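Here's the structure, in structure tokens; my notes come after.
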Ligand SMILES: CC(=O)SCCNC(=O)CCNC(=O)[C@H](O)C(C)(C)COP(=O)(O)OP(=O)(O)OC[C@H]1O[C@@H](n2cnc3c(N)ncnc32)[C@H](O)[C@@H]1OP(=O)(O)O
């Protein structure tokens, strides 16, 4: 059994506790000092149980760690303890669940995207207590708390023991073949079987949007967005689209890609900054100098500065928390992506697939003291001088290379990628509506003629588009 050098009983006023990203039992009440103590102990418990589970499943690296739970937004761990065991009590089981966006085959072999699918991610009962009903007890508690049914659970690469467990306790035997590592049981897509209504609503939404997807790299990268658009277009015609211009935008938001491409990004990204610049430059359309640009965009510029200051305050707070062992920032850099791929390899012996959505979360950055902040240079017209505030590396993107780049290439309302001809690397057309060639500087789509740069047009391409290289060099 998993016993510890400390008394686990204060952490387990109930035999089963629920732990989320704050690493505290759901029952926890205490002051700051007690909170730190509890998170540290809970981390140790989760790490140990995660290791035991990995060993039991023959994995070389745990799927469950405290650090990963801390970095995840929608995962929950249920821990089962025997407070009577030994001097300090013992922890006997762990069940990690979460919601995943999955591409799944239904019984007819059609691909469906299911958002926030209830998923069983890691399940372990100590060897000395297996087959005594503890697994069922833990699982039933989880079902109650999450308001899930066994049939609606997708199971991430179940072991033989877990398959037997589902068969014995819930009569679930017949699975729907999948191309990824998740196992679903027949009846998963039957709407009548939806317990919480969550999955039901999902299916209706899918049917509405015709979310059958192709296997093309574009679909994998950008999701099924344009299929929905096409269907909408065919069904309702372009008039409908004009009447509801944000329907497509909404689809783009809703049908975001999953896997690492769908990972939440920090709000301060190069794409957003460029987008902010475009807004500013709109005011100075046709202008050629700094004066027009900055005066026109003064209010927006202030807004951006305020926003960045607010974010800076927030992240400064996070930096302080990091120094105290509270790493709540959700960041992912290239090393982390590599780590996740490695974790996937460990679990599956396969390279990760975009739509398999295996259980991997962004690894946190190592616990290091916050680096000295850098002074950011304002990018807004005349305001291009050292800002009156400090930005951390996170704001400048120095440590967020993958996230920043990800956002930079994600289709947003401000960026499009329907290039009609080959262009130089690093050139991004901003807010050029489909079908427009955007060659005219006098065009009313003023975002495409940003005057935020130095005024001589030196940061526009020959064709009048913002040159990403310029912003890249300024910001990164
Ligand atoms: C997504 C994932 O996490 S996959 C990994 C699942 N975890 C593991 O394989 C780790 C090792 N196994 C375990 O930790 C446990 O066996 C669990 C979590 C699967 C089940 O917990 P238990 O406490 O054993 O479950 P519980 O006692 O409620 O139910 C027992 C039933 O589970 C199945 N089961 C449990 N252990 C075994 C086993 N060694 N061999 C075959 N079936 C088993 C059987 O159906 C068993 O019923 P039976 O004893 O009548 O045959």
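In case you wondered, yes, glycine gets a Cβ from its N, Cα and C as well.
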- Item | Stretch carrying region 'Disordered' according to TrEMBL (options 281-302, 303-324, 325-346, 391-412) | 281-302
- Query: In TrEMBL, which of the ranges 353-375, 422-444, 445-467 has the region 'Disordered' annotation?
  - Reply: 353-375
- Intrachain C-beta neighbours of residue 127 (acetyl-CoA binding site), sequence separation six or more, cut-off 8 angstroms: 56
- Largest pairwise Cα distance, Å, within the listed acetyl-CoA binders 123, 124, 125, 126, 127, 128, 129, 130, 131, 132, 133, 134, 135, 136? 15
- Message: Counting Cβ atoms within 10 Å of each candidate's own Cβ, which of the binding-site residues 129, 131 comes out highest?
- Response: 129
- Note on the structure: CB neighbours within 10 A of residue 125 (acetyl-CoA binding site), counting all protein chains shown, number 27
- Message: Averaged over the domain 'N-acetyltransferase' (2-189), what pLDDT does the predicted model reach?
- Response: 96
- Message: Going by DSSP, is residue 123 (acetyl-CoA binding site) sitting in a helix, a strand, or coil?
- Response: strand
- Task: Work through the recorded positions one by one (57, 123, 133, 135) and point out the residue whose CB has the fewest other CB atoms within 10 angstroms.
- Result: 133
- Message: Just to verify a number: CA distance, residue 125 (acetyl-CoA binding site) to residue 57 (site 'Crucial for catalytic activity'), in angstrom, no decimals.
- Response: 11
